[in-house]
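A.B. asks: Please read through the structure below; I'll follow up with questions.
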């Protein structure tokens, strides 16, 4: 029996939108999709259909086509490549002209690129793997409110990763107990503590009470340690008016940094908050809650490298980027690629890290990648090696789970971090010599010694689901 061809709703896009001879322009927005076509649909037709449905086309010819220059405005599928290890999927490279999009609007770009086309019958699965944003578009977007250099100057902390902790349990603590947990962590040696992504303003922990107790903890810890401290106060809320109210209150009481869940709050709302942070001198920590809904399926959705680029355009000073070694999803080479996309000014295409296009960020400042999720002191050598200085290493259970309490857990992490940074600066190989480095440091730190004993058997053995395609290893 012949394979079914999906004719309904599909016109001959190949003759119009497939242009293998097209020479891409510096001003084009470029995208690469992983496409699994329906049976009976050729690669060229499927690629052209994606280009058409994500730009100018509808399912049939309409008379108003004659009132514009469709050849100027259309997206063009200009190349096709095999996906290593797959007999069904292929990469489709598509170029979009600059006038197809509103300047500075990530929302507008992705309404086209990942809009109706993802439900199109000609394709069985579709994944946006990478996007090249030309400099003209980058320069019209807000970017990071402040960036890494400004934050280091504000904190007066240089030469090492910043150290943080997510307060646990993530839900259920009353405001006074929550503030006490923050204080213990900060006085123990952490730079920051953090609200978890789903801490907003629940009945047991109203946002105003949380902010006040956390700010009291910050001020007390700063007075005792002589260091600048902070707590990422999550201002995410159900309306933009509530978000601004919470942000204004955080500014009023003197906190240096607030937090947003950029995917669940919405891209327009997050961009507005980012602009507010720049105007008001507030740092912005960004959580990626909901990302795995879009990026974990290797055949359908949006790769996290695209979501990371979106955030860099919209604005944030920190973004969670995976850990490689913790409990959450994160292929090593792919994660290093994401880290580079967040921090560096210019990134060369590098298929070994999953990066399909050169990306020039111009003068936009880089932001701190955040490692968080199931990490503890035994992971410190690998984290310092993978992430380098310009990063935030965030230990939740790996701080608060210390048998001697939060302050001891924070102290253990700080001692481990400084030992690893010193060893690295001496030229030692952290991932090969990590155990020896930590063991020596623990000789003068009972807190670290107890942390190492507590978590020596803890491992997360599950493999990564979303891996880089095998050919590029």
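Numbering starts at 1 and runs along the chain as displayed.
Just so you know, glycine gets a Cβ as well, placed from its N, Cα and C.
The feature substrate binding site is assigned by Swiss-Prot to 116, 166, 170, 288, 320, 372. What Swiss-Prot lists as active site, proton acceptor is 168, 287. Residues or ranges marked as N6-carboxylysine by Swiss-Prot on the basis of sequence analysis: 194. Annotation comment: Swiss-Prot describes 194, 196, 197 as Mg(2+) binding site. The site 'Transition state stabilizer' annotation in Swiss-Prot covers 327, and the record cites sequence analysis as its basis.
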A.B. asks: At its widest, how many Å does the recorded substrate site span between Cα atoms of 116, 166, 170, 288, 320, 372?
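C.D. replies: Pairwise Cα check on 116, 166, 170, 288, 320, 372 gives a maximum of 37 Å.
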A.B. asks: Can you tell which of the recorded positions 194, 196, 197, 287 lies nearest to residue 170 (substrate binding site) in space, using Cα positions?
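C.D. replies: Given the candidates 194, 196, 197, 287, the nearest one is 196.
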A.B. asks: What subset of the binding-site residues 116, 196, 288, 372 lies within 10 angstroms of residue 168 (active site, proton acceptor), using C-alpha positions?
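C.D. replies: The binding-site residues passing the 10 Å Cα test are 196.
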A.B. asks: Taking only C-alpha atoms and a 10 A limit, tell me which of 116, 287, 288, 320, 372 are near residue 197 (Mg(2+) binding site). These are the recorded positions.
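C.D. replies: If one measures from the Cα of residue 197 (Mg(2+) binding site), the recorded positions that come within 10 Å are 287, 288.
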A.B. asks: Within 8 Å of the Cβ centre of 194, 196, 197, which other residues of the chain have their Cβ, at the recorded Mg(2+) site?
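C.D. replies: Checked against the 8 Å cutoff, the neighbours are 166, 167, 170, 195, 198, 199, 232, 234, 259, 287.
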A.B. asks: Need this for a regression test: binding-site residues 116, 166, 288, 320, filtered to those with Cα within 10 Å of residue 194 (N6-carboxylysine). What's left?
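C.D. replies: Final answer, ordered: 166.
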A.B. asks: Between 168, 170, 287, 288, 320, which of the recorded positions has the fewest other CB atoms within 10 angstroms in the structure shown?
C.D. replies: 170
A.B. asks: Distance between residue 196 (Mg(2+) binding site) and residue 372 (substrate binding site) at the Cα atoms, whole Å?
C.D. replies: 11
A.B. asks: I want to verify one value. Collapsing DSSP to three states, which class is residue 116 (substrate binding site)?
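C.D. replies: DSSP assigns residue 116 (substrate binding site) to helix.
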